[in-house]
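A.B. asks: I'd like to ask some things about the structure below.
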Amino acid sequence: MWRCPLGLLLLLPLAGHLALGAQQGRGRRELAPGLHLRGIRDAGGRYCQEQDLCCRGRADDCALPYLGAICYCDLFCNRTVSDCCPDFWDFCLGVPPPFPPIQGCMHGGRIYPVLGTYWDNCNRCTCQENRQWQCDQEPCLVDPDMIKAINQGNYGWQAGNHSAFWGMTLDEGIRYRLGTIRPSSSVMNMHEIYTVLNPGEVLPTAFEASEKWPNLIHEPLDQGNCAGSWAFSTAAVASDRVSIHSLGHMTPVLSPQNLLSCDTHQQQGCRGGRLDGAWWFLRRRGVVSDHCYPFSGRERDEAGPAPPCMMHSRAMGRGKRQATAHCPNSYVNNNDIYQVTPVYRLGSNDKEIMKELMENGPVQALMEVHEDFFLYKGGIYSHTPVSLGRPERYRRHGTHSVKITGWGEETLPDGRTLKYWTAANSWGPAWGERGHFRIVRGVNECDIESFVLGVWGRVGMEDMGHH
């Protein structure tokens, strides 16, 4: 390390000019505007001192990273246009800096006062009294490092930044974007309906419900930051099944809000709910269309009460129900109540699920969502190991429910065949493949084949004629 005695200060301008004259021509460093002239100053930073670095004359490698730029600890930096590190004068020359100290912290070319804040994705950074930033260290739902690792890892699917998730922590994603409570042991042990393939019956290698039943399979909705996948997936499957089983005479998009607000027995609305309770309500009480009772979009309201139920019905005989209230949406007059028959559980064999789906329509599936699923952009999803070496708080999962709409196969570059399900999520059309995703089939990936439900829409001849 070189330190300049105070007696040599008068020679410093001359040393700077000599160093400049020794160069052949003028390089980028000479032509660039000085850091401090651009207002890039961090008087509280310890740069030269941290590295014990002071250099004579001009030494372009006597440099350090500095607020997105480069600063120097050599005598040449102290020319008319200065690019010295902020502690150069104090540490190397033993004199006060020629620039007034900043009362605050620098970020993005802007000065923040002490206790001022800015957000770095999901983490809040606060300016401390020592003029240094202190940032939270929460795992973010959108993790650029994880996106990069997945896309470079050849896992068979692509990751990306879903803008609606930017700024959310991973914990918030698990709490607000899922919402299906894992069924009790008694429900998980409910009797399975086994579907038997006929002798010689061969299922197609690819199937999509929207191709067999055009205009009867509804597009995904967006649950927002409401932990209500239990209501959204139930309403989605019931909507398609009622449309299919009525032969297209009834094509409602059923209301998740009707379930969220009115199915309150052991249910928690936007704080989570159970699938068995949702299907009981649809069978015994029924719901109206989403146009009649639209989603209110309440988000992250953990402390407040659930929106009150604004739709009620009465028995008409033979199990049918009739609405006793007008639509919450005053622009809609049709308040018809839609119901289903008792829900049934399918076997976990993928062939049984495929046959049921092809004959009767989309099915509902429980699944475990891991931290990387939120980043899904396209391809055939399987949970990746990219977070295995990180602390446990970066490896989170929760229970979700979705609508399976079809299946297919894809030939990999090495010649292997990869089988997959196609499914509709409830995170809106901007997520994944237009609101849908593909996931590996036949190996119970993320438990998606462990608890699969089907149901029949309650449709009578009077319904067919009425509609």
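Keep in mind that glycine also has a Cβ here, set from the backbone N, Cα and C atoms.
Checked Swiss-Prot, it gives:
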SIGNAL    1-21  signal peptide
DOMAIN    50-98  domain 'SMB'
DISULFID  Cys54-Cys73  disulfide bond
DISULFID  Cys71-Cys85  disulfide bond
DISULFID  Cys71-Cys73  disulfide bond
DISULFID  Cys77-Cys84  disulfide bond
CARBOHYD  Asn78  N-linked glycosylation site
DISULFID  Cys85-Cys92  disulfide bond
CARBOHYD  Asn161  N-linked glycosylation site
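Set these features in their place in the structure for me.
C.D. replies: Residues belonging to the domain 'SMB' (50-98) score a mean pLDDT of 87 in the model.
In the three-state DSSP scheme, Cys54 (disulfide bond) is classed as coil.
Within 10 Å of the C-beta of Cys85 (disulfide bond) there are 29 other C-beta atoms, taking all protein chains into account.
Sequence-distant contacts of Cys73 (disulfide bond), defined as residues of its own chain at least six apart whose C-beta falls under 8 angstroms from its C-beta, comprise Tyr47, Cys48, Gln51, Leu53, Cys54, Cys55, Cys62, Ala63, Leu64, Cys84, Cys85, Phe88, Cys92. Secondary structure at Cys73 (disulfide bond), as computed by DSSP, is coil.
Around the Cβ of Cys84 (disulfide bond), a 10 Å sphere holds 27 further Cβ atoms from the protein chains shown.
Look at Asn78 (N-linked glycosylation site): DSSP puts it in a helix. Counting every protein chain shown, 21 other Cβ atoms lie within 10 Å of the Cβ of Asn78 (N-linked glycosylation site).
Under the DSSP three-state reduction, Cys92 (disulfide bond) is assigned to helix.
Asn161 (N-linked glycosylation site) falls within neither a helix nor a strand when secondary structure is assigned with DSSP, and so counts as coil.
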A.B. asks: Rank the disulfide-bonded residues Cys54, Cys77, Cys92 by how many other Cβ atoms lie within 10 Å of each Cβ and give me the one with the fewest.
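C.D. replies: Looking at the disulfide-bonded residues Cys54, Cys77, Cys92, the Cβ with the fewest others within 10 Å is that of Cys54.
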A.B. asks: Roughly how many Å separate the Cα of Asn78 (N-linked glycosylation site) from that of Cys71 (disulfide bond), to the nearest whole number?
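C.D. replies: Taking the Cα atoms only, Asn78 (N-linked glycosylation site) lies 11 Å from Cys71 (disulfide bond).
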A.B. asks: So if I draw a 10 Å sphere around the Cβ of Asn161 (N-linked glycosylation site), how many other Cβ atoms end up inside it?
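C.D. replies: The answer is 15.
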A.B. asks: Take the Cβ of Cys71 (disulfide bond) and count every other Cβ within 10 Å, whichever protein chain it belongs to.
C.D. replies: 25
A.B. asks: Please report the Cα separation of Asn161 (N-linked glycosylation site) and Cys71 (disulfide bond) in Å, rounded to an integer.
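C.D. replies: Taking the Cα atoms only, Asn161 (N-linked glycosylation site) lies 33 Å from Cys71 (disulfide bond).
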